[in-house]
Amino acid sequence: MTQSLYLRALSGETLPKPPLWLMRQAGRYLPEYRELRAKAGGFLDLCYNPEWAAEVTLQPIRRFGFDAAILFSDILVIPHALGQKLWFAQGEGPRLEPVADAVRFGEIRDEIDPDVLAPVYETVRRVKAALPKETALIGFCGAPWTVATYMVAGRGTPDQGPAKALFQRDPALFARLIDRLVVNSAAYLNAQIDAGVDAVQIFDSWAGSLGPEDFKRWCIEPTRRIVDLVRGRHPQAKIIGFPRGAGAGIPAYVRDTGIDAVGLETEIERSFVREAIQPLVPVQGHLDPQLLRAGGPELDREIEAIRAAFGGGPFVFNLGHGILPDTPIAHVERLVELVRA
Ligand code: CP3
């Protein structure tokens with residue numbers, strides 16, 4: 001069977017044109033998403049309805065023909081399946097009942113409730129059956145550190161202060177929380193692979209807020225353990241790490257976690273990527289989502305500059321972070337046209 005371009009790039013092939021997908025490609029910048037979202041009621045209702053979630057996963061593929069689809073779900077379904085209360089306040093982002101002390105930690109489950117996540121695996125099976133053969137399907141989870149920042153604070157925070165305060169005050173308790181997330185995130189990824197995803201991505205959106213020692217302990221080490229647990233069950237699994245903001249820490253992250261490919265934030269120096277990262281693993285990124293929203297000749301130039309910088313090695317075109325909800329569709333079409341040209 002011929003492999004998708006996306007999997008060929010992840011396997012280390014240098015391709016004449018990079019495969020393309022966008023983080024958060026299934027979402028609010030698409031009118032067809034907003035329509036279904038309004039019908040579904042809550043965001044979690046959408047995530048846990050296989051028919052709707054499959055439809056949302058496929059929407060950007062139909063419209064743009066990206067080389068990979070990403071499962072429509074959220075990184076916070078893991079705390080939810082561990083019994084933590086989770087809701088999405090309209091226009092305000094996620095809210096959880098904080099788990100910030102031993103008493104609260106004692107109230108969450110050891111293992112994810114299989115009934116909560118069963119619809120996600122059903123979504124994977126449906127999407128897999130509906131996707132064109134050449135389009136890869138990506139599953140995902142949040143990295144333990146990033147998920148813990150939401151679990152501890154009960155919401156998104158500008159500086160991840162509450163989670164940092166917890167590991168400074170009670171590192172043993174924080175380590176137990178991270179352990180809980182390692183084991184369950186690995187089980188979750190393994191179940192997604194069983195259901196049919198071709199690759200999995202580990203989102204560590206807040207990796208950049210950790211100092212060097214904490215980065216090793218709370219980002220690299222837990223990620224390495226997830227990689228080992230997934231490979232233990234699926235030796236051929238393709239695993240992409242995205243330690244956003246890790247910058248100069250990325251080479252150590254790549255070597256010590258054993259991931260197959262790495263996502264690049266917008267801010268990273270391209271010469272550093274070429275010299276110190278791309279020789280180790282295929283890279284994916286790093287177009288500025290704000291520039292995609294802005295469009296115009298600057299966008300065209302930047303797309304060409306990124307292709308010129310990374311196209312000589314294994315490379316997947318993507319953004320440096322998720323697409324912004326007010327991004328014009330025409331700018332995404334222009335991106336597709338230029339990357340495919
Ligand atoms: O298209 C895709 O990428 C697949 C689905 C996906 C979502 N969230 C859907 C979503 C993925 C891969 C995520 C990852 C995610 N979720 C991350 C890591 C990546 C990153 O962006 O840093 C994080 C930190 C979360 C947690 C989360 N979920 C936040 C902070 C928010 C609110 C902010 C926002 O972007 O709305 C969400 C909600 C969310 N997740 C939406 C979508 C489409 C919007 C919900 C809505 O429709 O109201």
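Glycine residues also receive a Cβ, built from the backbone N, Cα and C atoms like all the rest.
Keep in mind that what you see is a predicted model, and the values were worked out from it rather than measured.
If you look up TrEMBL, you'll see ARG24, GLN25, ALA26, GLY27, ARG28, ASP74, TYR150, SER205, HIS321 marked as substrate binding site. What TrEMBL lists as domain 'Uroporphyrinogen decarboxylase (URO-D)' is 19-28, 138-154. The site 'Transition state stabilizer' annotation in TrEMBL covers ASP74.
In this structure, TYR150 (substrate binding site) is part of a helix by DSSP. For ARG24 (substrate binding site), the number of other Cβ atoms no farther than 10 Å from its own Cβ, over all displayed protein chains, is 17. Put simply, ASP74 (site 'Transition state stabilizer') is 10 Å from ARG24 (substrate binding site) when counted between their Cα atoms. Annotated pair HIS321 (substrate binding site) and ASP74 (site 'Transition state stabilizer'), C-alpha to C-alpha distance, rounded: 15 Å. Residue pair ASP74 (site 'Transition state stabilizer') / ARG28 (substrate binding site) shows a Cα separation of 14 Å. Beyond its flanks by at least six residues, the domain 'Uroporphyrinogen decarboxylase (URO-D)' (138-154) meets 21, 68-71, 73, 75-76, 78-79, 84, 94-100, 124, 160-163, 166, 174, 177-178, 181-182, 185, 188-189, 192-193, 197-207, 210, 218-219, 222-223, 226, 240-241, 243 of its own chain at Cβ-Cβ distances under 8 Å.
Ranking the binding-site residues ARG28, HIS321 by other CB atoms within 10 A of the CB puts ARG28 at the bottom. Averaged across the domain 'Uroporphyrinogen decarboxylase (URO-D)' (138-154), pLDDT in this predicted model comes to 98.
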